[in-house]
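Below is one structure, written out as structure tokens; the observations come after it.
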Amino acid sequence: MSIAAIILAAGRGSRAGSLQNGPKQYRFLGREPVICHTIRCFLQHPAITNIILVIHPDDYQICANAIADLKDHLTIIEGGETRQISTLQGLRALKNVKPNYVHIHDGARPFIGNELLEQIHTSINHKEGILPVLSVSDTLKYVSNTHHVLETIPRTNLYRAQTPQCFPFELILAAHEKAMQSHKQDFTDDSAIAEWFGIPIRTIPGDPNNIKITWPADLETARSYLLKGMQIFPDIRTGNGYDVHSFEDGHYITLCGIKIPFEKKLNGHSDADVALHALTDALLATQGAGDIGTHFPPSDPQWKNASSEIFLHHAIEIIKKAEGRIANVDITLIAEKPKIGPYRHIMTENLMKILKISTDRISIKATTNEKLGFIGREEGIAALATATVIYPGEIPK
């Protein structure tokens, strides 16, 4: 008995996050992308003889990078505009192999338990499809277009379908070909096509851990599940930043985006916010992304008198693109004058709004230089900043 698997990874759904971070199947889950976990579930099962990975035409490079160590163990083909077309492409790619049975699986389900595969394999026969299902526990409501409840749907005999769904190969191929010839393309899964074609579908108990990553919260759930029973080192990075500016004649200085009345101002190309400059460098350091001068050269006139919050937002966007989460920032201001204490609260509140973290994760403190050096002579202010950012995955071994 030969069993093949088709893994569908051609989707372009954006519900699990912005596509600027890549399709969900290539987002990191632990030390490798979601799709790698999915592939390994089938590779590690001895009964699976062939694996077809169906990807989006634009994803050949990102896929090659993601599955570099696995690509020799499967066949990669180009999918179509819909899930149904992609499945048919995968089935056609197996026509020369002619397996007895074929699994059809969502690439965004990375936790297929070996027990579930075994249960499917002991249940398969040449006449039926096998569908893992979970009972519906929530109360179901039928809602109108105006968001009003029309009726409550009884939960009896209602189930949620999972993948992998397993079918006799020749039957499911014929069903998909017939659906395409009939221009029937409104099916949401393969068991629905099988039902329409007349293939009996037998259900077996699904696995609650076999989640599909659809929404942003699902990625966090998946990461938590992966951590269970595993001793790994999360990818927590720390960056440091330092900046200094001299005084010149003026009426206020800007620190952490807050204007503080003073008989002088800080001299600089931008608004010379020494605190935000140091913090921006600290955040950039967690991505190895250079320093503030790399991104905003002081020789560029467009940054003359610019708000340093622009620089900070830029660093935050770089972190967001890498799916990082700012966990903590610590800023030390070194100055004889002015007194920072009266403004610490409002400075912290401003950083809270910019960084989108709670105030207990923000530390702003000040010290003098004990009358030593240029700071002791009241010629300027220096700032030290440390930032801690958590990124998905773990420290590479």
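A Cβ is built for glycine as well, from the same backbone N, Cα and C atoms used for every other residue.
Record check: Swiss-Prot places Asp243, His245 at the divalent metal cation site, and the matching candidate among His183, His277, His295 is His277. Lys212 (site 'Positions MEP for the nucleophilic attack') sits 40 Å from Ile292 (4-CDP-2-C-methyl-D-erythritol 2-phosphate binding site), taking the CA atoms of both as reference points. Annotation for the recorded positions Lys24, Arg155, Lys212, His277: lowest Cβ count within 10 Å of the residue's own Cβ, Arg155. Each of Val244, Leu266, Gly268, Ala272, Asp273, Val274, Ala275, Leu276, Ala278, Ala382, Ala383 belongs to the same chain as Asp243, His245, His277, is absent from that list, and has a C-beta within 8 angstroms of the C-beta centroid marking the divalent metal cation site. Across the recorded positions listed here (His245, His269), the residue whose Cβ sits among the most other Cβ atoms within 10 Å is His245. The Cα atom of His277 (divalent metal cation binding site) lies nearest to that of Ile292, taking the binding-site residues Ser270, Ile292, Thr367, Asn369, Phe374 as the candidates. Rounded to a whole number, the distance between the Cα atoms of His269 (site 'Transition state stabilizer') and His245 (4-CDP-2-C-methyl-D-erythritol 2-phosphate binding site) is 10 Å. Most buried of the recorded positions Ser270, Thr367, Thr368, Asn369, judged by other Cβ atoms within 10 Å, is Ser270.
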